[in-house]
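Before any comments, here is the structure.
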Amino acid sequence: MSSNSINVEARAELAELIKELAVVHGEVTLSSGKKADYYIDVRRATLHARASRLIGQLLREATADWDYDAVGGLTLGADPVATAIMHADGRDINAFVVRKEAKKHGMQRRIEGPDLTGKKVLVVEDTTTTGNSPLTAVAALREAGIEVVGVATVVDRATGADEVIAAEGLPYRSLLGLSDLGLN
């Protein structure tokens, strides 16, 4: 959770929307390979008009003390989160996309969007489990010489991502945890 002051009512509304739209009960295999009796399909919220607006607003509030020019992460989970932040009220913040690997054709880029040379960036994710997705994006950005100031996520599953991200020397913030969704 963020140490910054965020709108409590907006956060509660987002939690309700995610419970309604994105929590799917039934056995699933997570990206970590572990089994769970529910799945949080946050894309159902990040691609929902009202929830997306709340996500953009709240993540801007949660990271207001971090200095960054652009926001993005590993495609696909990070894409709508980044654009929600980009379109939220406030200063101009560009968005970018990090591919899992560089394209084999065209410009053969791994990082798409505006030129990030000399820019500071925030890496985002819809849901963190192991921290591998945001750290894959962090590695690609660092390899390209881009400074990453932190990682932020909509929902943290409390399965160690915070520790893995901290081990990379990055601060980490989340809007919601499992208890906020009635899943602890």
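Placed from the backbone N, Cα and C atoms, the Cβ positions cover glycine too.
What Swiss-Prot records for Arg99, Lys100, Lys103, His105, Glu125, Asp126, Thr127, Thr128, Thr129, Thr130, Gly131, Asn132, Ser133 is 5-phospho-alpha-D-ribose 1-diphosphate binding site. Sequence-distant contacts of Glu125 (5-phospho-alpha-D-ribose 1-diphosphate binding site), defined as residues of its own chain at least six apart whose C-beta falls under 8 angstroms from its C-beta, comprise Gly73, Leu74, Gly77, Ala78, Val81, Ser133, Pro134, Val151, Ala152, Thr153, Val154.
Within 10 Å of the Cβ of Thr129 (5-phospho-alpha-D-ribose 1-diphosphate binding site) there are 22 other Cβ atoms, across all protein chains. Positions annotated as orotate binding site by Swiss-Prot, on the basis of sequence analysis: Thr129, Arg157.
In the three-state DSSP scheme, Thr127 (5-phospho-alpha-D-ribose 1-diphosphate binding site) falls into the strand class. Among the listed binding-site residues, namely Arg99, Lys103, Arg157, the Cβ with the most fellow Cβ atoms inside 10 Å is that of Arg157.
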